[in-house]
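According to TrEMBL, the protein has these features:
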- 10-48: repeat 'HEAT' (REPEAT)
- 164-202: repeat 'HEAT' (REPEAT)
- 203-241: repeat 'HEAT' (REPEAT)
- 242-280: repeat 'HEAT' (REPEAT)
- 281-319: repeat 'HEAT' (REPEAT)
- 320-358: repeat 'HEAT' (REPEAT)
- 359-397: repeat 'HEAT' (REPEAT)
- 398-436: repeat 'HEAT' (REPEAT)
- 437-475: repeat 'HEAT' (REPEAT)
- 476-514: repeat 'HEAT' (REPEAT)
- 515-553: repeat 'HEAT' (REPEAT)
- 554-587: repeat 'HEAT' (REPEAT)
């Protein structure tokens, strides 16, 4: 190909690939747009590439999505901000396609470009684009337009601003629910750019129209608008306009709207302030906690602690606790699970006396719940209660239930208990731990589930770190070494794992005198998996044992294993021997 034709080559390839039947080729060419634009130069990109993309009517959503994404970062390739407006036509076309994710990405890219454009360019190019989309015959264009107003509005003249507010108001009353939903979703962003004077009049009128929409999907999006607008309005306006809407929404005939209120309630409380929360929103919240739809109760139960923090302890005990008691025996396990995940956080809010009198019985009933997730959620947050009621009371009331759960039939519950043991141990102290929980820790090493055995071995290491090597030498090491003769090879593997984890904590002397001889004995085990794990453990001992022990015991054992009939045993033994040689060389 001649030198003259060379600059034409990239665009020719792109056009060919964009028209190819193979979607992957079309996708690849779209993803290479920036490379092609660089090859073409800024002027030809503006005059040839962008017009071509505007006319490209690819019917594959994946290709269109990639194009919408690429164009969002294309300003440098068309000559900078001065020419940013040339990117608007292809994105405008993408804003009208049927596929939602393509439209959303095109709107995102337009917002990115619009936020960088010069003010006069926004007036000349961006605002007319928004108006065209808002007046689009097909609803997809009008849906996309709603997401662009917050970029267009600040740069507009007073006259244009009034027109944009009117257009937005019309979109909120559109015949298509999808358009009204989009207007409702984007209202908070648009309101943030509107002047305070118009916020109270025009925007609040738009908001009130949306809150009375006959479609619940529009009303539930207006709930989010409550929180967004509440942050923009003065406190007195918020109480006058937002509070009544929240109260009405909490009694809405659609459970989805009530669910949204329950989900957003904490943010809504922040918007209206503490006093209105106590007088108006507490009754609304109590209604949601007693809602006849389980989904609403789940959302409300998950906010119990957050909501209680806003109130005084007296109000929480008076209004919220009776509902919490009801929820703890709710017919839906998911409601009880949501409550269990947050109820522990109520202890610091209510204080010691109320926690002991009112919350402890609820904790105990949830700890004995038939649904494992409920029990799990309680166990994982026990430390929050300990800080309030103290370890003595915790051990008397909750520990028997914890010991019971340590043998739970669901392995995930047992796992949660094991992971909580080191924290419990540090809180209970060594004496209490030996008394009540020591035997359990050994029992878990012989569990039927591998994850439990693995966690149990890790647990022993963490306990040794907590209580020190002397305690471990007395209470852990002898019992672990006794299990080494278990007839089942999987349990012997667990013991090997426990030994390798304990060795760094126990130090060189105990490792050489107590742990190493047991590992060397296992090198003659009849199961190959045990033997190659012995090689791995011996390799992990290299930094711990002294040089004489290495030469006298570790190396001969590995040399013997390196001649093993099993290929894996030989492989790991040779690896360990190489590691020893390396240490010797550096020493």
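Using the three backbone atoms N, Cα and C, a Cβ is placed for every residue, glycine included.
As a whole-number mean, the pLDDT of the repeat 'HEAT' (10-48) in this prediction is 76. When Cβ-Cβ distances below 8 Å are used as the criterion, the repeat 'HEAT' (554-587) is approached by residues 516, 520, 523, 528, 531-532, 534-536, 538-539, 541-543, 545, 547 of the same chain, each at least six residues removed from its ends.
Sequence-distant neighbours of the repeat 'HEAT' (242-280) (same chain, 6+ residues past either end, Cβ-Cβ under 8 Å): 207-208, 211, 216-217, 219-220, 222-224, 226-227, 229-231, 233, 235, 287-288, 291, 293, 295-296, 299-300, 303, 306-307, 310-311, 315. A Cβ distance under 8 Å defines the sequence-distant neighbours of the repeat 'HEAT' (515-553), meaning residues of its chain 6+ beyond its ends; these are 477, 481, 484, 489, 492-493, 496-497, 499-500, 502-504, 506-508, 560-561, 564, 566, 568-569, 571-573, 575-576, 579-580, 583, 587.
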